[in-house]
Amino acid sequence: SLSAGLDLPGRFLFAILTLMTLIANLVFAEEAVYIYRKIPSSKRSIIIWINAAAPVIATTSCIGMWIPRSTMFTDFTAAVFFAIVIHKFLLMMIKECGGQKLLLRRFENGRFKISTGPCCCCCLCLPRVRITRRTLFWLKLGTFQFAFLRPVLMFLSIVLWTNGNYTFYNLSPKGAAIWISCFVGILTIIALWPVAIMFQQVRTLLICKKIIPKFALYQFILILNHLQAAIINILAMQRIIRCAPPLSSSARGAYMTQQLLIMEMFLVTLISRVVYRRRYNDLEPPERTAEEAGDNKEAP
């Protein structure tokens, strides 16, 4: 078994990381109970989903650490869950503004700045887009496509893997992994763009609700779960991370990713509890339009 092959420091490390995962889940469970009791029902499920991102990634990493053969499934599960969280974060920003109708009233003469990352941060000449029901629909669709297509691609990858046509570390043009990975990368960039556009628009309005720390935590999870893992996998494939029998370079890279993620997601869970635990006052309703003010003057 895996535990039988570990020396004393290795067993101690595994025990500590497993304990951190357990504590992260307990903290999230307590936070979910608080949210369920104190937060309005319209925001409740969205905030619970977002808070669950770090504990779920820590749990999947812990399972992959103890059961190496499950790494592909645990990585895919974490990726699919976070794809849904990206969509939920966009919905949360809309909900914090009072919902779609109030958002449109607040910014009825405003325009979205679309020259932002990760797609168009260098295209400063792009025109600003009017904030309408239609543009909000396209922003929601941009994040929803990833939440929908990521599980589909996960299912396709597992089917190809069982047939021997999908190997994660085989990046040759003839393999399926390189094409699926590129497609997932494109979909990820498309999904992150609407969230960045919406954040640029509402960050001043929602500064009283600590939207900047919340967005920073979301970005932190994204970078660690995707970019950090990709860098370590590349180093392992290039044999920069050396093999240590009985572990190959790729297996050691997977172990490093999982162990780092457990520690990082443990810290993110604790910080999220502080940021989301506070009860924030609702925003003031948007100012009345000139026509409504005129009607009220004529009424007396």
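Numbers run from 1 along the shown chain.
Yeah, the Cβs are placed from backbone N, Cα and C, and that goes for glycine too.
Any TrEMBL annotation is an automated prediction that lacks curation.
Marked as transmembrane segment by TrEMBL: 12-34, 46-67, 73-94, 137-161, 176-195, 215-236, 256-276.
Within the same chain, residues 13, 17, 20-21, 23-24, 27-28, 31, 35, 47, 50-51, 54-55, 57-58, 61-62, 64-65, 71, 210, 213-214, 217, 220-221, 224-225, 228-229, 232-233, 241 sit at least 6 positions outside the transmembrane segment (256-276) and bring their C-beta atoms closer than 8 Å to a C-beta of that stretch. Residues 50, 53-54, 57, 75, 78-79, 82, 85-86, 89, 169, 188, 192, 195, 199, 203, 249-250, 252-254, 256-257, 260-261, 264-265, 268, 271-272, 275 of the same chain sit 6 or more residues outside the transmembrane segment (215-236) yet have a Cβ under 8 Å from a Cβ within it.
Looking at 46-67, 73-94, 137-161, the range that has the most CB pairs within less than 8 A of the transmembrane segment (12-34) turns out to be 46-67. Within the chain, the transmembrane segment (46-67) has long-range Cβ neighbours (under 8 A, six or more residues past its boundaries) at 2, 14, 17-18, 20-21, 24-25, 27-28, 31-32, 35-36, 39, 74-75, 77-78, 81-82, 84-85, 88-89, 91-92, 95, 214, 218, 221, 225, 254-255, 257-259, 261-262, 265-266, 268-269, 272-273, 276.
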